[in-house]
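K.L.:
This is the feature table in Swiss-Prot:
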BINDING   Thr13, Gly14, Gly15, Asn124, Arg165, Ser193, Gln294  UDP-N-acetyl-alpha-D-glucosamine binding site
Amino acid sequence: MAGRTILLSAGGTGGHLFPAEALAHELRARGWSVHLATDKRATRFAGTFPADEIHAIDSATFGSRNPLALLKSGLSIWRGFKQSTALINRLKPAAVVGFGGYPTLPPLYAATRRQVPTLVHEQNAVMGRANKALAPRVTAIAGGFLPESDGPFASKTVLTGNPVRPAVIQASGTPYAPSSGRGVFRLLVFGGSQGAQYFSQVVPEAVRLLPATLRSRLRIVQQARPEDEGPVRSAYDELGVKAEVSPFFTDLASRIADAHLVISRSGASTVSEIAVIGRPAILVPYPYALDHDQAANATALERAGGAEIVPQEKLSAERLRGLLEVAMGAPDKLAAMAAAAKSVGRPDASRLLADVTEAIASGETVTEFKRRRSA
């Protein structure tokens, strides 16, 4: 399919692969042939990726300071660059799109050397290292939270938002229904593995400190690590609080839609899903996140009025008890927060990302694309 091929490149984690998969679906629906370049580890769980072909490209990280390890990493990336150049020469893609992670460096760098239009998508409000290295060279930057009007690359940045799952789009149709003064109050608590561990300690204790009249209103859904699941469930049972505790929820989107309040970490996907569905949140950024990207992501929602940020070191059980007590007594405030969160949601992120991809593939500049979009 000469001239109608797009090459996508994503690092070997779900966080990088998911937005690439969402774009692939959208591009294929528009008649494009889609290929994926990734590292060997990702090929194990990219079997359902909607690509005409998946290409394993050599790559490596520079996590070690050992000279031999650095040399080995450099050689792997050089091999990946040569492989990527050969792949681009064969496929002749109209554009190459990267989604972060070190495995994107060889294909994107090779594309810029071959003067193929290039785009990187950054999920977070702070650029990751691979995207930051590529930013000066690429044609365009699509951002989940990156501003279009500020920063060294603002002139070629388009705020597309982050693609979300179809289940999230479906859940976004559920309007927020505030809890009445004495009615059931549904609290959803979730996070990554470390997030679930911390919340497993502090949330049950905060609930214990609540007045009995408020505890009786609570219905809690909480993610917990397998080793914490039993103790967390027992803690709620002892308090007489109805709770559903599990290491994983396959229907998380509908759980968010059912919640009156969400307590969570603030990874890019989490913040994007909360915003699209439109629910008030207490966000606790993971304190050890690289480049503090979770804090920056949370700020985007807080600035809109849809969330309150509490650093982990300040989230004591007593502090959380106070936040819950205020929230349970302020249904109008929570409804306003839900509306504010939804106002910054981007349910059309996949479509916008495909629009930018097609624009650069046709030779259009970001400035021209923005002008056309605003006309």
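Cβ atoms here come from the backbone N, Cα and C positions, even for glycine.
Since this is a predicted model, take the numbers as computed values, not measurements.
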K.L.:
Counting every protein chain present, what is the number of Cβ atoms, excluding its own, within 10 Å of the Cβ of Asn124 (UDP-N-acetyl-alpha-D-glucosamine binding site)?
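P.N.:
By my count, 28.
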K.L.:
Where does Gly15 (UDP-N-acetyl-alpha-D-glucosamine binding site) sit by DSSP, helix, strand or coil?
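P.N.:
SS state of Gly15 (UDP-N-acetyl-alpha-D-glucosamine binding site) = helix.
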K.L.:
What is the one among the binding-site residues Gly15, Gln294 whose Cβ has the most other Cβ atoms less than or equal to 10 Å away?
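P.N.:
In terms of Cβ crowding, the pick is Gln294.
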K.L.:
Starting from the Cβ of Arg165 (UDP-N-acetyl-alpha-D-glucosamine binding site), draw a 10 Å sphere and report how many other Cβ atoms land inside it.
P.N.:
16
K.L.:
According to DSSP, folded down to helix, strand and coil, what is Gln294 (UDP-N-acetyl-alpha-D-glucosamine binding site)?
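P.N.:
Where Gln294 (UDP-N-acetyl-alpha-D-glucosamine binding site) sits, the three-state DSSP reduction gives helix.
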